[in-house]
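Enquirer: Heads up, here are the entries from TrEMBL:
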- Glu290: active site, nucleophile (ACT_SITE)
- 21-52: compositional bias 'Low complexity' (COMPBIAS)
- 69-368: domain 'GH10' (DOMAIN)
- 1-52: region 'Disordered' (REGION)
Amino acid sequence: MIRSLHAHSTASAGLPGNGPTTSTSASSTTSTVLTTSSTTTRSTTSASSTPTALRGLHNLAKAKGRYFGTAIDGLQNNNDPAYQALTGNPAEFGISTAGNSLKWDATEPSRGTFTFTSADYHLKWAKDHGQLYRGHTLVWHSQLPNWVSSGGFSNSTLISIIENHISTVAGRYKGQLYAWDVVNEPFNEDGTYRTSVFYNTIGPAFIPIALRAARATDPSAKLYINDYNTDWIGSKSNAMYALAQSLVAQKVPLDGIGFQAHLIVNSFERTLPTNFQRFAALGLDIAITELDIRFKLPVTDALLASQAENYQYVVNACLGISRCVGITTWDTSDDYSWVPSTFPGEGAALLFDANKSPKPAYYAVANALAAATVKGNF
Ligand code: 9MR
């Protein structure tokens, strides 16, 4: 494991993927799930002579007006050529997200002192590999240095700290990023606002303040609010919807909603399409921003098959909606996932295994992308 993992201050009940435990039937998708995990058996469901999976997920997504991306972390210290070759393959991943290097603790560890070494390295690496870039994230309660969270600042001082942080960090990359997750994880599971230094000091107004600062700094970046466990219809997504509706009504600059989709195999409500659709109906883009679907180890063929079906369901939920611009998985192969260190005994959540071999879920996603009929507006 090369990535550094920051300690979580959140109780596990508040972590991504700790959603409802309702198990739903696997029969609600219509397309075929491939259950091969070998590169020698590939899907040929497409009309093209190139087997579907060989064309790469991003190429398949691009043909349908969408992107497929991945997240990466700790790149400067990475000595794994197979991982870099796969993660940097623009046929598979056309857009890259830094897992940690653009967060507040990485970019402004002390007040007014900015460090961009890791973010610069990552952005250059993505460009060198023909990839676009999603920025993650500007205002978040976590991975926030103590000088911000415990600074005891007044309302107006904290607003100016937010505005300075955004104008400096987003300003450095002006015009270079496809999108920014401007605000990350503002809600509790029950749909109330999460208590954070931002909410406690400024109230919910910290959200439009951050969005306006981001638009003023980088007018060409798509501006997102991003959260987890908002993927299905429930208290938390209802709160996100009410927020989105009110921001749109007030003409606050907001371009999209990010659905992280940190999921557990067979443990999420099958209401993603209806949920996504109501956000799209507000005139917003939507994106799946941190997709992974974990399960309790050990890996079995049955679990891999269920995971493949679950991935296909989630990807199809995006592919049915033209405003769903793309999908990002939260890293590339299982040996780099954040899951095992955060949820001991769980893992195997991504599309590629630790040998960088595509799993059944990879083929299920490739097939879903190839079969999509609704064009996206990426
Ligand atoms: O992948 C990130 C991991 O390396 C960090 O330790 C962790 C700290 O919270 O953050 C991870 O990424 C999170 C993302 O920024 C926001 N959504 C949840 C992700 C997984 O925890």
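Cβ coordinates come from backbone N, Cα and C, glycine included.
TrEMBL does not curate its annotations; it predicts them automatically.
Computed from a predicted structure; not experimentally measured.
What does the local environment look like for each feature on the list?
Expert: In the three-state DSSP classification, Glu290 (active site, nucleophile) falls within a strand.
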Enquirer: Count the other Cβ atoms sitting within 10 Å of the Cβ of Glu290 (active site, nucleophile), across every protein chain shown.
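Expert: So the Cβ neighbour count for Glu290 (active site, nucleophile) comes to 25.
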Enquirer: What average pLDDT is reported by the model for the domain 'GH10' (69-368)?
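Expert: Mean pLDDT for the domain 'GH10' (69-368): 98.
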